[in-house]
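Enquirer: Could you have a look at this structure, given as structure tokens, before my questions?
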Ligand SMILES: Nc1ncnc2c1ncn2[C@@H]1O[C@H](COP(=O)(O)OP(=O)(O)OP(=O)(O)O)[C@@H](O)[C@H]1O
Ligand SMILES: [Mg+2]
């Protein structure tokens, strides 16, 4: 057995998995506060990556400025999307809202292809790419950067929901909208802000992946990988989203290893997470971290 | 000091509800002309049986009616010189009027302190930390509970709900059935604290209750509602001495009440009404 390859793949899995975790958190954020299943989450990454590309390449802005403008753009994008498209859907049947987000996903796919073309583009070199040696394994600096940024975002989420006023208000709204209003919280603001934060953080994830793999419509595939991650973790749990993301990342790479070394079926890595998802849901229907209401006895 | 104050406050009550009519879902008429007044610094209670429209009256005042598809279709509500009927709940909270909803309604997946900090959501000043301490002084047992609020006992949750309202630094609190589901001993404790808060913080209160015994102990004035209308009102003493109130709301305080015959007649009369 090729242990070196296995460890290398597991390390990759961990790094990619934390990134899945970040996107899964964004998905859960929207689901928790607005009860909307956002099928367009992957396209948020796509838009973030392309907009940043436009700032950096077409307008030749320095990286930090282009990055900052992209964040502002994504924030405004999230708010406007919520206000214009999703606010009027409040109170409509769940299935209608789901159809709307699927529609958005298709629309953004098409729109980015139309505006930016269908070929893969790459960012100007921002960081020096080289491999460093960690415990005998080769890791590219870009991967390390991605891992560090993911951890940073997770810590930011933790702080935001634990200590910031808006974060508490978002949790309160997720728990009980009427009570939130009785406390003077504007549910409209909370909804708009959850879309804004979700779009912004997804945009960062899109840029990070874009730096490693280049920018192309393949980015939105993450939006699909996020489903096993969030369902695994429990749709309403942020911690679960992270754990689910990491598990999916590890699974993919283990499947890749087994497939490459023994089975030679090809592409096992992309379906393995879904098989495991089904098995776990048979055992724990609410996901690993999904909560039912606290019952007081 | 209390007596002269009583005479001057006839001028302009802090809150006045004038002949309001409330309709849910555009068709269900629930309040049919309710009027009441709450003078500054006082405790006023609103009593009545299940379904009388007490909670609806409070929600009409706090604006939460909107969240249930209800609307004030007639009359007006005046709070400190402002018209607030059909206003936004957020604006009304910001103007200093805070409702503690029926059934406590704390955020169960948060700790006590997080719940308290949420109460201060509309505030911008730096005094939130001190106010958390102030709430813990009124409700010392909350301080020891560091876990999730969902695991608190019913009484502690009610205390947290009241404490959370204090965090908003309101001028007036609307309390909906604070005694609900609590043992008589706890009800006594909670009402004692409510009275203390009113006295020390000068916060005006409108308390909805089914437990008239306790409510009238702390209230200065009371209204009694039945099927969407105020049927009786008066000062605490007037209500305490009113025969009908004694019979229907105070569980008949007099000695004869204990005889079997009278209980039967009480039941019979209730059915006639
Ligand atoms: N959201 C709503 N939609 C429709 N009807 C409602 C709504 N809320 C209350 N009602 C009706 O309005 C009437 C008064 O209800 P309300 O809750 O105000 O009574 P209450 O006096 O607070 O009673 P309780 O003591 O049981 O709390 C009831 O008949 C109730 O069915
Ligand atoms: Mg009620």
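Each Cβ is built from the backbone N, Cα and C atoms, and glycine gets one as well.
Copying in the features that TrEMBL gives for the protein in this structure:
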- A:6-30: transmembrane segment (TRANSMEM)
- A:37-57: transmembrane segment (TRANSMEM)
- A:63-86: transmembrane segment (TRANSMEM)
- A:93-116: transmembrane segment (TRANSMEM)
- A:142-161: transmembrane segment (TRANSMEM)
- A:190-214: transmembrane segment (TRANSMEM)
- A:226-251: transmembrane segment (TRANSMEM)
- A:263-286: transmembrane segment (TRANSMEM)
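Map these features onto the structure and tell me what's around them.
Expert: Within the same chain, residues 36, 38, 41-42, 44-45, 137-139, 143-144, 146-147, 150-151, 153-154, 157, 170, 194-195, 197-199, 201-202, 204-205, 208-209, 222-223, 225-226, 229-230, 233, 235-238, 240-254, 256-257 sit at least 6 positions outside the transmembrane segment (A:6-30) and bring their C-beta atoms closer than 8 Å to a C-beta of that stretch.
Here the transmembrane segment (A:93-116) has long-range neighbours at 35-40, 42-43, 46-47, 50, 53-54, 81, 85-86, 215, 217, 220, 223, meaning same-chain residues at least 6 beyond its ends whose C-beta is under 8 angstroms from one of its own.
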Enquirer: Please report, as numbers and ranges, the same-chain residues at least 6 past the borders of the transmembrane segment (A:226-251) whose CB is under 8 Å from any CB of it.
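Expert: For the transmembrane segment (A:226-251), the far contacts come to 10, 12-25, 27-29, 31-32, 41-42, 154, 157, 161, 174, 272-274, 276-277, 280-281, 286-291.
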Enquirer: Do the transmembrane segment (A:37-57) and the transmembrane segment (A:263-286) come together with 3 or more C-beta pairs under 8 Å, pairs six or more apart in sequence?
Expert: no
Enquirer: So if I exclude everything within five residues of the ends of the transmembrane segment (A:190-214), which remaining residues of that chain have a CB under 8 angstroms from its CBs? That is, six or more out.
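Expert: For the transmembrane segment (A:190-214), the far contacts come to 19, 22-23, 25-27, 29-30, 32-34, 38, 41, 44-49, 51-53, 67, 70-71, 73-79, 81-83, 86-87, 120-123, 126-127, 140, 142-143, 145-146, 149-150, 153, 157, 160, 166, 169-170, 173, 180, 222.
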